[in-house]
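Below is one structure, written out as structure tokens; comments come after it.
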Amino acid sequence: MQLLCQQAAEQYSSFRLPYQLDQVFLAADIADLKQFSGPDYPTVLGEGTNTIFLATQHKPVLRYLAKAKSQHTDTDHVLLHVEAGHNWHQLVNWTIEQQLWGLENLALIPGSVGAAPVQNIGAYGVELSDRCSYVDFYDWQRREVVRIPASECQFAYRDSIFKQQLQGRGVIVALGLTLSRQPLPVLNYPGLKELPKTASLQQIFETVIQIRQSKLPDYRQLPNCGSFFKNPVITERQFQLIHNNYPTLPGYPQADGVKVPAAWLIEQAGFKGVVVDNVGCYQKQPLVIVNYGLVDSAPLLALIATIRSTVLQRFAIELEPEVRLLNGAGKHHVPT
Ligand code: EPU
């Protein structure tokens with residue numbers, strides 16, 4: 001295992017706030033993980049594309065780097081076993097080269113394979129949970145890897161057991177994904193609907209990449225962590241009430257209510273393209289908050305507070321962050 005000290009946080013979070021990480025452990029395998037014993041365990045980090053360090057991190061940070069993959073095949077399906085340190089998009093790219101269906105709608109999502117189940121990544125009508133068979137989890141207390149079947153991962157919209165009961169309890173070390181040799185096109189999302197039903201795997205993959213590149217800023221040029229807030233789910237009654245005053249409000253029925261786009265609420269609240277003190281909502285997709293040269297986290301926290309209170313006042317909807325915000329002690333910061 002490697003230990004790096006006094007690291008610039010910019011290299012470890014795509015939001016690139018200029019703080020430091022006191023200690024970064026780079027673990028290569030399970031034997032490295034076994035070197036940690038409680039009561040305190042490090043903060044687990046993937047590629048840092050969904051984590052913002054709000055201050056210098058005094059709690060150690062750990063990255064799990066193993067990235068091997070192997071496959072088991074029957075005639076129509078392939079079960080892929082992929083270690084957590086693999087880059088997500090490189091994996092998707094490889095599945096396209098192998099003519100394996102299943103992950104093409106999830107192209108170009110930044111981050112590592114190990115981070116994917118934590119918030120159940122999703123895009124263009126597909127979620128990780130649609131393709132995941134199991135998650136291998138190294139449990140700090142038990143000091144061993146436990147295989148958790150997908151049915152027990154409590155996958156939901158941008159949520160899983162790894163954000164709930166198992167948060168801070170271990171490290172995701174690998175995933176099992178079930179992919180198909182037979183076509184499995186999911187073309188119901190705007191932008192993909194226009195494709196023919198016979199669209200090839202390559203065509204869908206390229207279209208998803210085009211849509212993402214046309215709307216979402218590249219974090220290498222404009223530091224960001226993707227969607228900043230979750231799309232809220234409100235009651236049918238509340239949806240009707242708002243819809244009466246704002247007939248353009250889009251709504252997507254769910255089992256537990258109606259999902260409304262946070263981007264729409266933020267645009268209506270007047271924040272689209274607005275930049276204050278070097279932080280702002282991206283012009284083409286206001287749900288993405290961009291760091292335009294911050295020197296500390298205060299203006300970001302101020303912007304989050306203003307957006308949340310404006311949306312709350314106007315629509316009586318509370319926006320919840322989708323990104324992980326960490327204070328100096330490595331604890332989750334929950335905006336109030
Ligand atoms: N919209 C506006 N104004 C805008 C942009 C969008 O009103 O300027 C409204 C439109 O009604 C549009 C709707 O928002 O139809 C949805 O926009 P979009 O398709 O861009 O998706 P999203 O709901 O904002 C979610 C995910 C994205 C994912 C896309 C595509 C969340 C929090 N975000 O965004 O995921 O790529 O759908 O499936 O669920 C991420 O998690 O970091 C992420 C980028």
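Note that Cβ sites are derived from N, Cα and C of the backbone, with glycine treated the same way.
Unlike curated entries, TrEMBL annotations are predicted automatically.
Just so it is clear, the model here is predicted, and its values are computed rather than measured.
Annotation source TrEMBL lists active site at Arg158 (among others). Counting Cβ atoms from all protein chains shown, Arg158 (active site) has 18 others lying within 10 Å of its own Cβ. In the three-state DSSP assignment, the secondary structure recorded for Arg158 (active site) is coil.
Sequence-distant neighbours of Ser227 (active site, proton donor) (same chain, six or more apart, CB under 8 Å from its CB) are Ala262, Leu287, Val288, Glu322, Val323, listed in sequence order. Feature annotation from TrEMBL assigns active site, proton donor to Ser227.
The annotation active site is assigned in TrEMBL to Glu322 (among others). For the recorded site, Glu322 (active site), the DSSP three-state label reads coil.
Among the features that TrEMBL reports, domain 'FAD-binding PCMH-type' is placed at 4-182.
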### Query
Can you give the mean pLDDT for the domain 'FAD-binding PCMH-type' (4-182), rounded to a whole number?
97
